[in-house]
Amino acid sequence: MFTTVRPQSTLTPPTANLIPNDLFTAINELKKDLNAVILAHYYQDPDIQDIADFIGDSLALSQQAASTNAEVIVFAGVHFMAETAKILNPDKLVLLPDLNAGCSLADSCPPEAFAQFKAQYPGCLVVSYINCTAEIKAMSDIICTSSNAVKIVNQLPKDRPIIFAPDRNLGRYVMEQTRRELILWQGSCMVHETFSEKKIVQLKIEYPEAEIIAHPECEPSVLRHANYIGSTTALLNYSQQSASQIFIVATEPGIIHQMEKETPHKRFIPAPAINNCACNECPHMRLNTLEKLYLAMKFKQPEITMDETIRLAALRPIQRMLEMS
């Protein structure tokens, strides 16, 4: 493994007496003491979103990480996001409240297997969705997010074949939008692949005036019913601008917190999963809590560290993305 983290063995085991009663105040005090910035993804719990200095999707968080003057970056997200912050900020302390906050999509693309896959298609440009490990980024020519994937692919030479990894659903969506053939790695997100088309159609029958808005990581069977498809930021913006008053939201329901804050008079219904859950929460994103956020800042652990060779190789395609965005 090239990407490593410092072990948590130096931490005092979290106990009730380590957690202050007023976590918001304690975290804000630590933030000042450390000259820290808290970056949070839209899929985090509402209380983490509310204490964050910046909330956004993967592209916005990458841009924020690249431009911050803070000495410490506390990333309330999942591992690949904290890795990206470290790639962009090798001299800063980057903390992830829970090291187990992984990503099923990133896990679906093991570096060794992807290297073999890439070798089968010499001469291809490799476009990798940011939801991947540092090792995959290091094997890529350019990184993209759901916000800019179509824009990125449209700017690439027409005479060069393209490998797109790791999300097959986003890849299919990009193919449709750009009318370019892509060689797709067959990865997927556990949240977005389990929305129930049948239940979504039933909801639409129950609320005929509702608009279905969906993330492009969703399966094609769901996307074909969507009135609007976009990244989390795009979905948030659309929900504010649309005249509709009811939305069926086919992405991780953490984004609904911001939607309700921006337009409290509108109704947002999380799209149901195939199973009996009322909605699709990402179990990895939800591992982060205010308590873990506080402890990470208090003990300056767990810290993201990385092999410099991998970091430099991964930095180049990220920088290309930021330049082309």
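Every residue, even glycine, has its Cβ placed from backbone N, Cα and C.
Note that the structure is predicted; figures quoted are calculated from it, not measured.
What Swiss-Prot lists as iminosuccinate binding site is HIS41, SER58, TYR129, ILE130, ASN131, SER146, HIS215, PRO216, GLU217, THR232, and the listing cites sequence analysis. The annotation [4Fe-4S] cluster binding site is assigned in Swiss-Prot to CYS103, CYS189, CYS282.
Positions of the features from Swiss-Prot, shown on the structure.
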| residue | record | DSSP (3 states) |
| --- | --- | --- |
| HIS41 | iminosuccinate binding site | strand |
| CYS103 | [4Fe-4S] cluster binding site | coil |
| TYR129 | iminosuccinate binding site | strand |
| CYS189 | [4Fe-4S] cluster binding site | coil |
| HIS215 | iminosuccinate binding site | coil |
| CYS282 | [4Fe-4S] cluster binding site | coil |
Margin query: Just to confirm: which same-chain residues, 6+ apart in sequence, have a Cβ under 8 Å from the Cβ of HIS41 (iminosuccinate binding site)?
Written below: ILE55, GLY56, ASP57, SER58, LEU61, ALA76, GLY77, VAL78, MET81, GLY254, MET285
Checklist line | Euclidean distance between Cα atoms of CYS103 ([4Fe-4S] cluster binding site) and GLU217 (iminosuccinate binding site), Å | finding: 13
Next item on the list: Please report how many Å separate the Cα atom of CYS189 ([4Fe-4S] cluster binding site) from that of ASN131 (iminosuccinate binding site), as a whole number.
Entry: 9
Margin query: Residues other than CYS103, CYS189, CYS282 within 8 Å, Cβ to Cβ centroid, of the [4Fe-4S] cluster site?
Written below: VAL78, SER104, LEU105, ALA106, ASN131, MET190, VAL191, HIS192, GLU252, HIS284, MET285
Next item on the list: Over all pairs in HIS41, SER58, TYR129, ILE130, ASN131, SER146, HIS215, PRO216, GLU217, THR232, the listed iminosuccinate binding residues, work out the largest Cα-Cα distance in Å.
Entry: 17
Notebook entry, point to check: Looking at the binding-site residues TYR129, ASN131, HIS215, whose Cα is closest in space to that of CYS103 ([4Fe-4S] cluster binding site)?
Noted result: ASN131
Item checked: Rounded Cα separation (Å) that holds between ASN131 (iminosuccinate binding site) and CYS282 ([4Fe-4S] cluster binding site) -> 14
Check: Non-local Cβ contacts of CYS282 ([4Fe-4S] cluster binding site) (under 8 Å, 6 or more apart, same chain)?
Finding: TYR43, VAL78, MET190, VAL191, GLU252, GLY254
Check: Among the binding-site residues CYS103, CYS189, which residue has the largest number of other Cβ atoms within 10 Å of its own Cβ?
Finding: CYS189
Item checked: HIS215 (iminosuccinate binding site) CB neighbourhood, other CB atoms within 10 A -> 29
